[in-house]
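Working notes, beginning with the structure itself.
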Amino acid sequence: MHELGLLTSVVAAVEKAAADADYQVTRVEKVALNVGTMSGAIPEALYGSWPIARENSICSSAELEVNTIPASVDCPNCSKEVEIDEFFALLCPECGMPTGNLAHGREFEISWVEWAKD
Ligand SMILES: [Zn+2]
């Protein structure tokens, strides 16, 4: 599953940060992600894969939170940023102008991590 691969990378990044930190991290309480609606990752699948991805890692008891970022384009005709439905991707929903300027929606990033020290 595609989402499992993405989460495996997230867990690896969290483990690396924990290993590099001066603060002694023993556990991670929570990992929050920003996931754009055009990132290709589906929140339900991320939640479904999380218990497998976090196994045998510093995140083994961590909760996952997925914050969905709506897709939007910068429309050269309207001169503003407008939200788009992913099915109408790359067309301004207000004036119909084609635009490739995706302002938001491709995000797949760690938003924050709650560390713990037992
Ligand atoms: Zn427009």
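Each Cβ is built from the backbone N, Cα and C atoms, and glycine gets one as well.
Quick look at what TrEMBL lists:
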| type | residues | note |
| --- | --- | --- |
| BINDING | H2 | Ni(2+) binding site |
| BINDING | C75, C78, C92, C95 | Zn(2+) binding site |
If you measure between the CA atoms of C92 (Zn(2+) binding site) and H2 (Ni(2+) binding site) and round to the nearest Å, you get 29
Not counting C75, C78, C92, C95, residues with a CB within 8 A of the CB centroid of the Zn(2+) site are V73, P76, N77, K80, V82, P93, E94, G96, M97, T99
The correct three-state DSSP answer for C75 (Zn(2+) binding site) is strand
Note: among binding-site residues C75, C78, least Cβ-dense neighbourhood at 10 Å is C78
In this structure, the one of the binding-site residues C92, C95 whose CB has the fewest other CB atoms within 10 Å is C95
Reading the DSSP string in three states, the entry for the residue listed as 'Ni(2+) binding site' is helix
